[in-house]
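Trainee: From TrEMBL, for reference:
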type     : residues : note
DOMAIN   : 5-135    : domain 'DUF5671'
TRANSMEM : 48-68    : transmembrane segment
TRANSMEM : 88-106   : transmembrane segment
TRANSMEM : 118-138  : transmembrane segment
TRANSMEM : 154-172  : transmembrane segment
Amino acid sequence: MFHLFTLVSFIALYTSALSFGSLAFQFIERAVSDPLAYGGSGFGMGRNAIAGLIVAFPLYVFLMRLIWKETKGNAKNLSSGVRTWFTYITLVVVAGVMLGDLIAVVSNVLGGELALRFILKAGTIFAIALAIFGYYLHDLKRKAEDVFSPRAKVFALAVSVLALVFIVYGIMVTGTPGQQRAFQFDQRRVSDLQQISYAVNAYWQSNGKLPASFEDLKDQPYYYIQSVTDPKTEAPYEYRPFGSESLRLEEVIGDKIYELCAVFETDSSKTATRFKMQVPYSEQSWEHAIGRTCFAREVQELRKDAVPALR
């Protein structure tokens with residue numbers, strides 16, 4: 001069992017280290033903007049890191065306590081081949097990480113690309129690697145009769161507190177499970193409205209007019225609509241074409257204007273820093289507040305001169 005505990009403890013160590021680093025990277029990207037960076041903050045990966053830290057780190061602490069008890073006063077377990085080899089492998093890997101990290105820093109300095117975000121990320125990698133290297137180098141020198149030193153206790157407590165802070169702050173940043181669920185529902189609502197908008201556009205291209213209702217969009221071969229009802233409440237989305245009683249003439253200009261409305265659970269301006277929904281650059285805005293939000297849209301005509309004639 002001692003060898004099994006040792007193997008699992010190293011797996012838990014690697015998982016915890018990767019989770020620490022991944023979460024730290026997410027915090028850095030959230031705090032320090034980079035004009036050259038593309039895309040969102042990738043907090044889907046952040047959630048995985050939080051989950052990894054919640055599961056792996058307590059397991060690692062628990063197993064290390066068992067291993068310490070098994071090696072205290074037992075020179076055979078302390079000098080176990082499995083434990084010794086994995087410790088040396090870990091030291092070599094960590095030393096390589098620190099060396100590579102320093103090389104990357106020097107390379108970026110020479111290339112004139114030393115941004116604050118990069119410095120913080122490099123510092124994070126180096127700090128995690130240095131902590132692991134220092135702990136296991138000290139552990140290799142330990143004797144069977146040695147007791148758990150006050151310095152080691154302080155180090156273990158500090159790392160545990162840091163892990164707790166990372167978990168709590170990570171949940172605050174990424175959102176609670178309830179907030180995540182609400183955002184996913186709103187993502188679905190926006191996706192449904194986008195599909196309806198594409199369908200209305202295709203209908204106008206084929207018929208030269210706006211559909212009177214969702215019924216006109218059914219069973220059409222040129223597009224697909226996943227749903228015209230709210231995924232949670234099952235209430236139908238609102239569609240108001242130009243000329244309807246609810247969309248008066250003085251409110252719009254042109255016969256290609258319509259509105260799509262839905263009731264949302266989150267404010268997209270606030271969730272944008274937590275979650276990123278990737279949309280094409282040319283896509284119209286689907287930003288929304290909490291509650292009922294309507295989007296005014298205009299049918300986009302296909303240009304007849306878009307494709308040059310062959311000669």
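Positions of Cβ are set from backbone N, Cα and C atoms, glycine also.
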Trainee: Counting by DSSP secondary structure, give me helix, strand and coil numbers for the domain 'DUF5671' (5-135).
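Mentor: Final tally across the stretch: 110 helix, 0 strand, 21 coil.
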Trainee: Taking a Cβ cut-off under 8 Å, which residues six or more beyond the ends of the transmembrane segment (48-68) line up next to it in the same chain?
Mentor: 2, 5-6, 8-9, 12-13, 15-16, 18-20, 22-23, 26, 83, 148, 156, 160, 163, 166-167, 170-171, 174
Trainee: Within the same chain, where does the transmembrane segment (118-138) have neighbours whose Cβ lies under 8 angstroms from its own Cβ atoms, ignoring anything closer than 6 residues to its ends? I mean 6 or more beyond.
Mentor: 13, 17, 20-21, 24-25, 28, 32, 87, 90-91, 94-95, 97-98, 101-102, 104-105, 108, 152, 155, 159
